[in-house]
Amino acid sequence: MAKNVAIFGLLFSLLLLVPSQIFAEESSTDAKEFVLTLDNTNFHDTVKKHDFIVVEFYAPWCGHCKKLAPEYEKAASILSTHEPPVVLAKVDANEEHNKDLASENDVKGFPTIKIFRNGGKNIQEYKGPREAEGIVEYLKKQSGPASTEIKSADDATAFVGDNKVVIVGVFPKFSGEEYDNFIALAEKLRSDYDFAHTLNAKHLPKGDSSVSGPVVRLFKPFDELFVDSKDFNVEALEKFIEESSTPIVTVFNNEPSNHPFVVKFFNSPNAKAMLFINFTTEGAESFKTKYHEVAEQYKQQGVSFLVGDVESSQGAFQYFGLKEEQVPLIIIQHNDGKKFFKPNLELDQLPTWLKAYKDGKVEPFVKSEPIPETNNEPVKVVVGQTLEDVVFKSGKNVLIEFYAPWCGHCKQLAPILDEVAVSFQSDADVVIAKLDATANDIPTDTFDVQGYPTLYFRSASGKLSQYDGGRTKEDIIEFIEKNKDKTGAAHQEVEQPKAAAQPEAEQPKDEL
């Protein structure tokens, strides 16, 4: 899980600064409530009674939940007259007696909305709008057939549209193994894509109109615009849809229609190459074209590509500690947090730098605060560039705190660690250190930092363990005394790494 923290953190940072869906203001009403209220006493029985029911898991204190509430209620009112009626329900997941329900349904944030089908046998995430009209339209589609029939060219034009990925199956008849597999996959993926089927390829706006099927045609608003497949093995068909629906280069800007592709980009297991340029400057289109050409060369080699407009990417700049004067720049991040960075990129350097990266000739980039020129306080300051030397190469027993400057618990612990460090000042075998985890990279394959403060202890012999004991001076000292090794370095000064000159272009400012 730790390996994905950096990726999800960046995704959150990116999307946080993009204009989001505007919710209607909450209004009070004495009208009948159409949203069912469920809890641990009636949840399972209610879900089992319905072929299709939507459940919101919420918390009363959640601002987004409060904004959603009137829209959700309005949608429930409208859908109550649908034939058949679509039932919307809610669970207060903040209530102690409902927390098992929240855990059972993998609720990790609020609001979380789930669609339960077939009495709860099939569960899907709700991925639709959060205003009443959008909720109604989305759930009408979700409660209907997984795939709709296209009977005319007008049907096809309306279905395909201009800015989304849709999948159409062309069949000589609506029966047989190929058709059954297509419908089964449509049912599985219906919350992610729109599916349709037809007996006549001539209705479709693009592609070979003479085919009689069976064939699957995927339409998309990017790259080659449509692509066909005749492999109806369910796994192969799902792989075809997943790969074909991903842009060769994902675009990140203020256009909401691009956001699903951005989410898909960050959910990919691939390494993630991100080129940041100013879309409005001269030469931007040349960069995009060259980047697309290079991306095509590497699209089957474990790298996904994104191009971001600087104006829309301030979250990424804060996350990585980048500066606008380094644009054009490219940064590649692995799921383990390792990064590779090239600032002030020239157009003709793009293919050669990426080739050097693929050949393993580019050194990883470490986000780091400047190495302190003086480090004389009892608790030693460690930064990204000195972490390896202080913790792993010093031959000392090192207790290191990973903290955040804004963290209240860290502030409470700070004077205690000072006292611990003072207690060991005469013992050169022991180092008490701290690292600002918001401004310096941490090797996530070594340290699992899920919250602040997180403390680790590495003995002189190399044994690494996370400290989860009491946070009093006495508890921490007792732990160190029990776990430290003798190094024979007593009465010698602890050597601190010297400050090194840092190239301006290669060391971004680290402010998060």
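Heads up, the Cβ atoms here are built off N, Cα and C, so glycines get one too.
Swiss-Prot has this to say about the protein:
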{"type": "SIGNAL", "residues": "1-24", "note": "signal peptide"}
{"type": "DOMAIN", "residues": "25-144", "note": "domain 'Thioredoxin 1'"}
{"type": "DISULFID", "residues": "C62-C65", "note": "disulfide bond"}
{"type": "SITE", "residues": "G63", "note": "site 'Contributes to redox potential value'"}
{"type": "SITE", "residues": "H64", "note": "site 'Contributes to redox potential value'"}
{"type": "DOMAIN", "residues": "357-485", "note": "domain 'Thioredoxin 2'"}
{"type": "DISULFID", "residues": "C407-C410", "note": "disulfide bond"}
{"type": "SITE", "residues": "G408", "note": "site 'Contributes to redox potential value'"}
{"type": "SITE", "residues": "H409", "note": "site 'Contributes to redox potential value'"}
{"type": "SITE", "residues": "R471", "note": "site 'Lowers pKa of C-terminal Cys of second active site'"}
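Known features from Swiss-Prot, placed on the structure.
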residue: C62; record: disulfide bond; Cβ contacts under 8 Å, 6 or more apart: F110, P111
residue: G63; record: site 'Contributes to redox potential value'; Cβ contacts under 8 Å, 6 or more apart: none
residue: C65; record: disulfide bond; Cβ contacts under 8 Å, 6 or more apart: E56, Y58, A59, F110, P111
residue: C407; record: disulfide bond; Cβ contacts under 8 Å, 6 or more apart: Y452, P453
residue: G408; record: site 'Contributes to redox potential value'; Cβ contacts under 8 Å, 6 or more apart: none
residue: H409; record: site 'Contributes to redox potential value'; Cβ contacts under 8 Å, 6 or more apart: Y452, P453
residue: C410; record: disulfide bond; Cβ contacts under 8 Å, 6 or more apart: E401, Y403, A404, Y452, P453
residue: R471; record: site 'Lowers pKa of C-terminal Cys of second active site'; Cβ contacts under 8 Å, 6 or more apart: Q412, L413, I416
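The helix, strand and coil residue counts that DSSP assigns across the domain 'Thioredoxin 1' (25-144) are 47 helix, 26 strand, 47 coil. Taking all protein chains in view, 15 other C-beta atoms sit within 10 angstroms of the C-beta of H64 (site 'Contributes to redox potential value').
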